[in-house]
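> One structure follows; several queries about it will come next.
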Amino acid sequence: MNINLDSAKGTLCKNILIYGYCKYENKGCAFSHRRNNNANSGPGATPAKSVATTPTSDKRKFNVNTPSFQPSTAPVQGLANKFAGLSPKVKDIPVFVPSGTPASPAQSTPSTGNQEQPMPTSTVSNVPERKFNTSTPSFTPSQPIPAPPPQNTSSPPTNPYLMNQPGPPTDMYYQSAYPLQYHLYAPAPPPRLAITHSSHQVDAHSLFIDSELRETLQKRNEATLQSYPGGPEIVDVYHTVVPIAAEGVSKIWKVSSSVYKGVSNVDGNVYALRKIEDFKIINETPFRTIKRWHGLQSANIVKIQDAFTTVAFGSPSLVVAYDYYPNASTLLEQHVNRRLGGRLEPLTEDILWLYLTQLVNAVRTVHKKKLAARSSLDLSKIIVTTNRIRLAAIGMSDILNWEADDAEIARVGLPTYMENLQQEDIRNMARLMVDLTTVMNPVVQNDIFKLKSSGLSTDFVAAVQDLSNTDDLESYIRKHLAIRLLDVVDMLEDSNDYLESQLSTELENARLVRLMTKINFIVDRPEWDNEATAAAAGWTENGPKYLLKLFRDFVFFQTDEMGKPVTDLSRVLVTLNKLDAGIDEKFLLVSRDEKTCIVVSYKEIRDLLESVFRTITRGK
């Protein structure tokens, strides 16, 4: 390409037009490199368009004559006069009035001193001058005042165990509680989708407690620790008192009754507190049988702990403390009236036999102590847990009816009166079984003579009918329940074996926790971050303790062929178990930069881990 040097000197270099500079300016470029601005050429220069400024703009940007800012305690209206010299139009700026706020008469009427001018059609040069107005009054947003809620509307009763219940509509600071996430790992698939493993293969579900059992236990813990505001802070020796059942007026006792749970200050355990409202006791006579009830031990009876009177609820009340069984429901809620958020469990003859056997066992234990179950033999006073029923209101009738009991004892004598009460217990058991049979088959209609038309076996019908006529529970058990007791014992032993097998899976979990704790105690300690200290302690790449860092990466920081993190729980458990056993299996450790490869055994890593941990614990 031939270039005329004379004409090229007057032609602007295209590199200047395109890039803003020419790197061949001082290296033989024949074109002109003169620009209309004073921007320096070179690799760090910016395009001419972006750096081009006018003398006026530079003067406005840095003005040495601008007065220094000094805070003033004068009112805001005086600031307009103070800074009037900076902008000649500061007094002409219109006052900002927020939309939706009605203008007051003082704002709508122009004043003589500072008359508000209509906003002219502005240009771009006028925008910076009207951006800030020191005389603008403070902005007060207009918000409608919410109307107070009507006083005559009553709020519906709140269930303390209903999760995700909405809070008050006007309360924006209290959020509804979310349910706990019980599936800490993926639940086991249904049997039809389960993958068949060989005899030597295991998965994560076989290494932990059963998912359903774990979820049940976690729900019980959640119910035990759940609190609810509004109750009294302290009731006798119990704190964190939370209502769990509001019964209103009891159909059995004819008094107002409710159930709470509270934590004892004595032993820290949680107990169920049954409260009877407006019940006054002037002496210790009603509590004379409490010690005998407290010493009663039975698998089918809720143990009574204490009984006392209190005014912590606002009125004189009787409180009886029992053992607490979280998430337990009554027979009435389990089979008759559906509980909120629950479902009814269908009754079968096997379940009826199970209930009959356990009821007879509970009543037999009570009668051996020269006591009577009385009002606790009711569908609403018997709680149900897994394959277990328990009498949950023992001793209440002895306290509530103490005056009538004393009068009857004085009339017929204590032995005769107690014998009559025990006979009534046996009749109540038979009546309760008839009620459950009616739930199963409404044809019975709560009539013991219609049991034969219920479709149940003749053995069960005969057992219930004889129960209403017997006077001796011992002979009744030998005649009707001896064979059924073997079925109950077999079921309980199977349940015990299942729980022991689940417990055995969690028995040695502490070993792996100890290993991970030791590794985290040792690796990446801050006092070994210094190179000199790390070299002296043996943590450099050539040191013996460097193997622990590589092993930590080998266990927890594995990646696949695509570079994604590997989160295989089974692999971590297998590796830590091998480390705990200290087997001689060899494996390869690779550094993060893949420049160091070491073949070691689990035994060597375990010995090194124990040695370093002993060094740390000794303070060396």
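Indices start at 1 and increase along the chain as displayed.
Each residue, glycine too, has its Cβ placed from N, Cα and C.
Sharing the record's features from Swiss-Prot:
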- 7-36: zinc finger (ZN_FING)
- 39-73: region 'Disordered' (REGION)
- 63-73: compositional bias 'Polar residues' (COMPBIAS)
- 95-168: region 'Disordered' (REGION)
- 101-126: compositional bias 'Polar residues' (COMPBIAS)
- 226-482: region 'Pseudokinase domain' (REGION)
- R274, D323, Y324, Y325, P326, N327, A328, S329, T330, S380, K381: ATP binding site (BINDING)
- 483-521: coiled coil (COILED)
- 522-620: region 'Knob domain' (REGION)
> Please report the number of other Cβ atoms within 10 Å of the Cβ of Y324 (ATP binding site).
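Other Cβ atoms within 10 Å of Y324 (ATP binding site): 21.
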> Let me know the DSSP-derived helix, strand or coil state of K381 (ATP binding site), please.
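Note: K381 (ATP binding site) is helical by DSSP.
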> Over the span of the zinc finger (7-36), count residues by DSSP class, listing helix, strand and coil in order.
8 helix, 2 strand, 20 coil
> Same chain only, sequence gap of 6 or more: which residues have a CB within under 8 Å of the CB of R274 (ATP binding site)?
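Spatial neighbours, sequence-distant, of R274 (ATP binding site): S257, S258, V259, V319, V320, A321, Y322, A393, M396.
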> Compile a sequence-ordered list of residues in the same chain as A328 (ATP binding site), six or more apart from it, whose Cβ lies below 8 A from its Cβ; state 'none' when nothing qualifies.
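In sequence order, I383, V384, T385 meet the Cβ cut-off.
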